[in-house]
Amino acid sequence: MMSPDLDLNFSSNCNLYDHRPVARVLIPLVYSIICPVGLLGNALALHVVISSTTKINSITLYSANLAVSDILFCLSLPLRAVYYGLGFHWPMGEVLCKAIALLFYLNCYAGVNFMTCLAVDRFVALVFPARLAKLRKAKNVRFVCLAIWLLVLAQTLPLLTIGLTKTEPDSSITCMEYPNFEGVFKGLPYMLIVAVVLGFGIPVMTIIACYSILTHKLHQAAKSNQLTERSGKTKKARGVIAGVVFVFVVCFSPYHIDILQYMIRKLLYETDCKELQSFQISLHITVCLMNLNSCLDPFVYFFACKGYKQKVMRMMKWQVGTHFSSVKNSAESSGTGDVLGTRRNNRIIMNNVGEDQQICYQPSAT
């Protein structure tokens, strides 16, 4: 293994940004899609979760915190898109780089933890509904949510103590790039391996285990009750579970596996410039994939939550109704009755948006 000084000099003499012409177009393009979709989708999800329930429970608390973490995460993307659009150049200073890094990593791993909590909560609701009922009480869940935010904040605050920007040989200033960390932490490979295990390995195993048991239990329930199977509820629940697991694994696995394999190689032998270049490119690709999770979560809400789906459809109907109302109003000056009828329909739709809806499918009554 290289010494920190040699490792730093090695990365400085190795051109890690040959893919700049492609990255400065594709990455901002991806972020320009993820950011608005993620912000709008999660804002709507948060609105549905908060406004469409008469009683706060564990599911609504975890879902609301997940939506908040996704929204805050999306807020870090515009400046990151500017950075990539400028060809890996950060002209906004060290302080703002640290602030964006903190916002990025804090909400990324807060989201992972809240997704894990949702999996455990649904598992407890089905397998141990009476024995572990205290864990699902709103008062206790609030403490769990607060503990998650504080824990992830404590893990990411050290980022503020180190320099995250670096002036490259071509005078460009990079921000939050892997080579900027080399030489700062002596045991960087060990630290990142532990971080991957704690921040991704344990959560993904927990999520897969909980949802696998849930799927098995739902399958058993469907076999013993044909009426339940014919209703399609268990089939829908299994589909939702598969979607949640699929989105989590596809979005988060490549990034963490990429880091893990490279850190293991660094511990086994001295990696060369070509390997570091490949790792740098793969990091930029897998980070984009990980960011995609923040705008896919609302689609999981859409299919899993009745209230979310109905509110989206009603808002779309209201927009269509308003459009046709405007067209008729301008084209038919004498068509007063039709216009009034359209307005009445719009008012009905707007009133229905405020109705209480079932937030999320839960596998058993609690």
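Including glycine, each Cβ sits where the backbone N, Cα and C put it.
Relative to the membrane, L218 and Q310 occupy the same side according to Swiss-Prot. Candidates considered were C14, C175, C210; the recorded disulfide partner of C97 in Swiss-Prot is C175. The transmembrane segment (281-305) is not in contact with the transmembrane segment (143-161), judged by fewer than 3 CB-CB distances under 8 Å for residue pairs 6 or more apart in sequence.
The stretch from 71-88, 99-120, 143-161, 188-210 with the most CB pairs below 8 A to the transmembrane segment (25-50) is 71-88. The stretches the transmembrane segment (188-210) and the transmembrane segment (99-120) are in mutual contact, each linked to the other by at least three Cβ pairs under 8 Å (pairs 6 or more apart in sequence). Remark: C97 (disulfide bond) has W90, L164, T165, C175, M176 as non-local neighbours, by Cβ distance under 8 Å and separation of at least 6 in sequence.
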